[in-house]
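Right, one structure below, let's go through it.
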Amino acid sequence: MDEIIKTIIDIFFSLSLSLSLKDARALPFLQENFGGIDIFQDFFFFFSLSLSLSLVKLTLNPPEGIIAGPVSEENFFEWEALIMGPEGTCFEGGVFPARLMFPPDYPLSPPKMKFNSEIFHPNIYVDGRVCISILHAPGDDPMGYETSAERWSPVQSVEKILLSVVSMLAEPNDESAANVDAAKTWREDRQRFNDIARRTVEKSLGL
Amino acid sequence: MVVGGRGTVAPPALVSRFSPDMADFHYDPEKNYDEQTLEQQRHIEQEVASTQALVSERLSLNQLIKDYSMEDNIYQQKIQDLRSRYRDIRKTRGDGNCFYRAFGFAYLERLLHDKSDIPRFKEVVNQSKTDLVALGYPQFTLDDFFDTFLDVLSRVESSCTPEELFDTFNDQGVSDYLIVTWRLLVTCYLQRNGEFFANFLEGHRDIKEFCCQEVEPMNKECDHIHITALTSAVGIPVRVEYMDRGEGGLVNHHDFPECSKPAITLLYRPGHYDILY
C-alpha cells in the first residue's frame, strides 16, 4: 500500500513539473502542507484546481481503505482508485480497482465512476458503472432516489464520493437498483449473495 | 409559488417510456433506459445552450411582443403595461440558474456606474465565506469559487468596461463559478437563520437538506425562499415584475425585502427571470 501512495505522490510531483498551468490560488494551502514548494505555482488551472486540491488532500490524508490518483500524466481528468471491501461485510478483504472520469467542467458536474472488476451488487451495473445518488445532481433522477439522499453539488469532493462508495458496498440500497438481479438476491437469498461476494473478493485478489 | 428556469420542458424520455401512445412498447432488459433518459436530458440542455446566450445584449421591450401571439390578449396587454414603465430587457439562458445570473449581472452592471456599494458588498462576501467555514464547508473548495467571485468584483471596481462584464458573464466557466458563489451565499444565510426559514419548508426536510438539494446544486431553480434569503444576505433589494396569465391587464410586482427601494428589477415569466431596464 505504501508503494502505491508513493507512486501517486511521484506522479503528482512529476505532473506539477511537466504541466504549464496558470493558477496559483492553491499556493497558500500547499505551502502550509509542503513547506513552500515553488513548483506548484504553475500547476493549477481553472477547472482542475479543485481536482488538484482533492488529490493533495487524498494523498496526504487518505481515508481508510481508499487510494486514488490520476491514471497518467497526460490525463488529469481520469483517476484510478482502489477500494478495499469494508470490514465486517461480505466484501471484506477484497481490493476493487475502479476508474473515475471527471467531466471538463468538474466540479460543476459530477464525475462518473466504474469498477474495473466484476462486482455483483444492487447499485453497480453489470458493466461496473456505479449508480449512487451523490454522482447525480437532483433532477437527474434515473433511479428515483429518495429525496433525502446525498446529491452532487460543486462543494462535494472526490473523498466524499469514495466514502459513499465504501458505505454503498457495506450497505446496498435495494430500493433503487442498478442490478435488479443482485437486488433480488440481496433481498431474498442473502446466503447466495454472500457466496457470490466472497468469490468476487477472491477474484479481486487473483486467487 | 414555484419559479425558476426550465419548467416548460417535459422530460421526453418519460413520455417515450410511459406514454399510452407507446402501446407496443416492450421492455428490453438489455437496454439501459436510465442512461437514455439522461442522454435526452443532456440533448435538451445542449439545444438550449446553442440557442440562448447566458446573458443577452440589451433588447427593446418591443421584442417581447412577438414572443406571444397577437391574439393572446392577456400577455399583449401586460407587455403594453410593462412598456409604460420600462424600456429594455436583457434575457438570460433558461438553464435553472437564470435568477442568479440575472441578479448577478444586473447588480454588477450597476456597480460599474456607482462603485460606492463595493466595499460593503465585499465585506458581506468575505464574512459569508468565514461563516461557511464555521458551518463545516472545506476552505479550499470555497476559495476556488470565492476567489473567482472577488476577482471579478475587483475588476469591476478598477477597470472593467460594460463589454468586458458582458464577456465575463458569457464565459461559461467564470459565469458558472459566479453562480456557485451566489448559491453559497444563499445556503449560508439560510443555514444561519435555519430556525426562521424552517417554517417555510414543505415536507420533512430540514434546512440543511433543503440547501443540499435545492440551493447548492447547479441548475436548481430559485424559489421565493431563495430570493428572500439572497436579498437579505447581501443587502441588495430587488423588484420582481410578475408577468403571468392572471387577469387584470396589469403586471404586478413584489419587492424583496418588502418596502425597500429596489436596486435592480427583474422580469418573471413562469419558470424564468430576465433583467428589466
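In case you wondered, yes, glycine gets a Cβ from its N, Cα and C as well.
Annotated features, as they stand in TrEMBL:
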type     : residues : note
ACT_SITE : B:D95    : active site
ACT_SITE : B:C98    : active site, nucleophile
ACT_SITE : B:H272   : active site
DOMAIN   : B:87-277 : domain 'OTU'
SITE     : B:Y242   : site 'Interacts with free ubiquitin'
SITE     : B:D244   : site 'Interacts with free ubiquitin'
SITE     : B:Y268   : site 'Interacts with free ubiquitin'
SITE     : B:Y273   : site 'Interacts with free ubiquitin'
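Shown on the structure are the features that TrEMBL records.
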residue : record                               : DSSP (3 states)
B:D95   : active site                          : coil
B:Y242  : site 'Interacts with free ubiquitin' : strand
B:Y268  : site 'Interacts with free ubiquitin' : strand
B:Y273  : site 'Interacts with free ubiquitin' : strand
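Highest Cβ count within 10 Å among the recorded sites B:Y242, B:Y268, B:Y273: B:Y273. Relative to B:D95 (active site), the recorded positions with Cα atoms inside 10 Å are B:H272, the candidates having been B:Y242, B:D244, B:Y268, B:H272.
Note on proximity: of the recorded positions B:C98, B:Y242, B:D244, the one nearest B:H272 (active site) is B:C98, by Cα distance.
Within 10 Å of B:C98 (active site, nucleophile), as judged by C-alpha distances, the recorded sites found are B:Y273; the full candidate list was B:Y242, B:D244, B:Y273. Between the CA atoms of B:D244 (site 'Interacts with free ubiquitin') and B:Y268 (site 'Interacts with free ubiquitin') there is a gap of 8 Å. With every protein chain in view, the residue among the recorded positions B:D95, B:D244 whose Cβ has the most Cβ partners within 10 Å turns out to be B:D95.
Of the recorded residues, B:Y268 (site 'Interacts with free ubiquitin') and B:Y242 (site 'Interacts with free ubiquitin') place their C-alpha atoms 5 Å from one another.
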